[in-house]
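Input: a single structure, listed below in structure tokens.
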């Protein structure tokens, strides 16, 4: 699909796990009049391929550290989309803790929303973005959301979610994720509940599409 813009626009949405990044991304996409001109990418798709790593070790990997992500692949595929070339988007199997063999064929779009905990961490990826957003949500709310998601959607036990949160999620948030807030053009408090911020971002992107 060829868009009308000379160059696609990339908006990066960062924030801690459970902050409301995905909700905001989908709310914006749903509010845009021309749905076929906008796409959403999740940084979660770019976790490293751990196929050769034993399951016991996979379960102990720190998935909230920057090294857990295949940043070169993410950067390369963003560049492909910027040049109006389709990509084969990797998929990640959270139950097996590794990359799936299946990919998703994705055509370029005029607006690319990239959401993930560390999308603002890598300078090269950050430099590809036109708008950088950080979603700032209370720690307790984020933990409850993550707990519900991981147990319902990813088959995790209560103890494993709590242990992971205390062992890696919270420390990595403080060390790597929260500091990327300084790179944001827009800081959104209250996550996906912030209708004013969602409306503002939607209006901005709609005006870009209408040019």
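Cβ coordinates are placed from backbone N, Cα and C, and glycine is handled just like the others.
The ATP binding site annotation in Swiss-Prot covers 15, 16, 17, 18, 19, 20, 21, 22.
According to DSSP, residue 22 (ATP binding site) is assigned to a helical segment.
Every protein chain considered, the tally of other Cβ atoms within 10 Å of the Cβ of residue 16 (ATP binding site) stands at 28. Taking the centroid of the Cβ atoms of 15, 16, 17, 18, 19, 20, 21, 22 as the ATP site, the other same-chain residues with Cβ within 8 Å of it are 117, 135, 137, 142, 145, 191. Sequence-distant neighbours of residue 15 (ATP binding site) (same chain, 6+ residues apart, CB-CB distance under 8 A): 21, 117, 134, 135, 136, 137, 177, 188, 191.
Cβ neighbours within 10 Å of residue 22 (ATP binding site), excluding its own Cβ and spanning all shown chains: 21.
Cβ neighbour count for residue 17 (ATP binding site) (all protein chains, 10 Å cutoff from its Cβ): 23. When Cβ atoms from all protein chains are considered, those within 10 Å of residue 18 (ATP binding site) total 26, not counting its own.
Under DSSP, residue 15 (ATP binding site) is assigned to a strand (E or B) in the three-state scheme. Long-range Cβ contacts of residue 20 (ATP binding site) within its own chain (separation 6+, distance under 8 Å): 135, 137, 145, 188, 190, 191, 192, 193, 194.
Taking a C-beta cut-off of under 8 angstroms and a sequence separation of 6 or more, residue 19 (ATP binding site) has the following same-chain neighbours: 135, 136, 137, 142, 191.
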